[in-house]
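Chemist: Before we start, here is the structure in question, set down as structure tokens.
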């Protein structure tokens, strides 16, 4: 009896164990599938982000092209070239023009700063921003002017000592995400003499609270100028702000004085230090290095000459051409520009990314800077008697990443960067003679508390949504590529042919075969119905009878065109003349090799001038180009 009972219990236990193992294996496979989907979604987000930055960097070559051509065709208009290539000279203007003439009314119920600033003002600002109050333009401008005054006295690289017992915190990109900064201060404490910080660039753009972050950092810097350190990132650049949102944010929050704020901010960026060196061992820079990185050159160049990474130095011929066409004497000379070598040194510092492959080669994803391998890291560190590079610039799923045998650390402080739940944020604490300590976090909201599969669904939905927008902007080119391989005109090609066509046209370096089930229909034999790629999406036409190639071109380059025409609009009226539109479009057409007939452009310009006054509201026109999705929720067939 006893033995039989024991045998039954043993068999029952075996069944329980087997069932538990089956459930465990199923759950592991389930988590692996979710992890793969999350990985693909992040790959899409990052590829498109870098492709956009590549497009932004390509504007640099267009501006050089424009400099050669626009000044020849519009000799009477020197304001545009001045705006693009000449440094702002705020010193020649009375500060009272910006600050003194702006009164703070009694009705203003936001924070009132008292200069000279103290720790109380930092707290006041934090509490006000938590309550979604807006700092008055008078105080914003005063903070910008005061910060500029101190920044101008600082070297290109700030040097910090943690020896013997000091700790310092290093934060990466924040990108306008105020909740992340608040969480860092909550977990790690506010800046002070005993709690120093380095903020490693990219404070602004993308998020909705770039101004609030900038004001908190600058006010903290003014209170603790030797304990809070600010490095310039690639987004501390007025041209980047035009594309990625900070300019728009300022003009919306400060409708009356936004233009003044932008002008002062444009110059303040140029005075931000380009790096920090800790204990003569650790180099903290925003992007990275290259095999030609020379700290001697970087420490001696005049950083304020770098107005924008998109504004390359003028050649002597270009400078002479501008002077010849200007009505008055030129205030800018070649000596007031960076040399090409100096400009490239800063580009590498702000834009480069580490890779596992040895060597140094062009950063084709971003279009600026380089990829640098572990051998390059060792060479630059050894040459300068340094031990480590801490950089930011790249979103990492865990908020940080260590590579190059521990000699390069990436730290990224904006959690949920692409989408809720897409990544953690992190910061680093350093003290002398010890290994870096990493602290991770993630700002939580109602959606972040959802089950993992719902968060992955939401990420995946957003990722494929923006990928489809990329596809529709190249619809004509994609169809031509598909039809080139569809010799029998069946409307179908192989999966390999479809994947090759997608990569050759879009150039996003994505695993197209793995993504195909979300993007296209296949038959039982595995052949791809390539036109199904566009079944659930189209670009809205702002005008009837507009040709598809023109629609796609305008949509594809809408961000670039918006930047270009905002620069042409020197008086910020929102209007440009018909002649300016035609001339600039033809230059754009020639440089980007866009095949649009001049007759189409003339017709387009005439249609855009709705009231026939010779002016065009170009920003309003661009807003008329938008993509229509048939499915707008994560529960759509896209995710089933």
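Glycine residues also receive a Cβ, built from the backbone N, Cα and C atoms like all the rest.
From Swiss-Prot, for reference:
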- 16-45: domain 'IQ' (DOMAIN)
- 122-445: region 'Catalytic' (REGION)
- 173, 175, 202: Mn(2+) 1 binding site (BINDING)
- 202, 234, 286, 393: Mn(2+) 2 binding site (BINDING)
- 235: active site, proton donor (ACT_SITE)
- 473-508: domain 'EF-hand 1' (DOMAIN)
- 569, 571, 573, 580: Ca(2+) 1 binding site (BINDING)
- 596-631: domain 'EF-hand 3' (DOMAIN)
- 609, 611, 613, 615, 620: Ca(2+) 2 binding site (BINDING)
Chemist: Report, as numbers and ranges, which residues of the same chain sit near the domain 'IQ' (16-45): CB under 8 Å and 6 or more residues beyond its ends.
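Modeler: For the domain 'IQ' (16-45), the nonlocal Cβ contacts are 397, 418-419, 422-423, 452-453, 456, 459-460, 462-464, 466-467, 508, 510-511, 514-515.
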Chemist: If you count, for each of the binding-site residues 234, 573, 615, the other Cβ atoms lying within 10 Å of its Cβ, which residue has the minimum?
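Modeler: Each of the binding-site residues 234, 573, 615 was scored by Cβ atoms within 10 Å; lowest is 573.
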Chemist: Which site among 202, 569, 580, 609, 613 has the most other CB atoms no more than 10 Å from its CB, taking these as binding-site residues?
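Modeler: Result for the most crowded candidate: 202.
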Chemist: Would you count the other CB atoms within 10 A of the CB of residue 173 (Mn(2+) 1 binding site), including those on all shown protein chains?
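Modeler: So the Cβ neighbour count for residue 173 (Mn(2+) 1 binding site) comes to 30.
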Chemist: According to DSSP, which kind of secondary structure is residue 620 (Ca(2+) 2 binding site) found in, if we only use helix, strand and coil?
Modeler: helix
Chemist: To test your reading of the Mn(2+) 1 site: which residues beyond 173, 175, 202, same chain only, put their Cβ within 8 Å of the Cβ centroid of those residues?
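Modeler: Neighbours found: 172, 174, 176, 201, 203, 204, 205, 206, 233, 235, 392, 412, 413, 414.
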Chemist: Around the C-beta of residue 611 (Ca(2+) 2 binding site), how many further C-beta atoms are within 10 angstroms, looking at every protein chain?
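Modeler: There are 7 such Cβ atoms around residue 611 (Ca(2+) 2 binding site).
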Chemist: Based on Cα coordinates, which of the following binding-site residues are within 10 Å of the residue listed as 'active site, proton donor': 175, 202, 573, 580, 609?
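Modeler: Matched binding-site residues: 175, 202, sequence order.
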Chemist: Using the Cβ center of 202, 234, 286, 393 as the Mn(2+) 2 site position, which other residues in that chain lie within 8 Å, going by their Cβ?
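Modeler: Other same-chain residues with Cβ inside the cutoff are 173, 200, 201, 233, 235, 287, 350, 351, 392.
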Chemist: Excluding near sequence neighbours, so keeping only residues 6 or more apart in the same chain, what lies with its CB under 8 A of residue 175 (Mn(2+) 1 binding site)?
Modeler: 202, 203, 204, 205, 206, 207, 210, 235, 414, 417
Chemist: What does DSSP assign residue 580 (Ca(2+) 1 binding site), in three states?
Modeler: helix
Chemist: Considering only the binding-site residues 173, 580, 613, which residue has the minimal Cα-Cα separation from residue 393 (Mn(2+) 2 binding site)?
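Modeler: Checked the binding-site residues 173, 580, 613; minimum Cα distance to residue 393 (Mn(2+) 2 binding site) goes to 173.
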Chemist: Roughly how many angstrom lie between the C-alpha atoms of residue 611 (Ca(2+) 2 binding site) and residue 573 (Ca(2+) 1 binding site)?
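Modeler: That comes out at 16 Å between the alpha carbons.
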Chemist: Of 286, 569, 580, 613, 615, which binding-site residues come within 10 Å of residue 173 (Mn(2+) 1 binding site), going by C-alpha to C-alpha distance?
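Modeler: So the list is 286.
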Chemist: Can you break down the domain 'EF-hand 1' (473-508) into helix, strand and coil residue counts using DSSP?
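Modeler: So the counts come to 23 helix, 2 strand, 11 coil.
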Chemist: Roughly where does the domain 'EF-hand 3' (596-631) sit in mean pLDDT, to the nearest integer?
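Modeler: Overall, the domain 'EF-hand 3' (596-631) comes to a mean pLDDT of 75.
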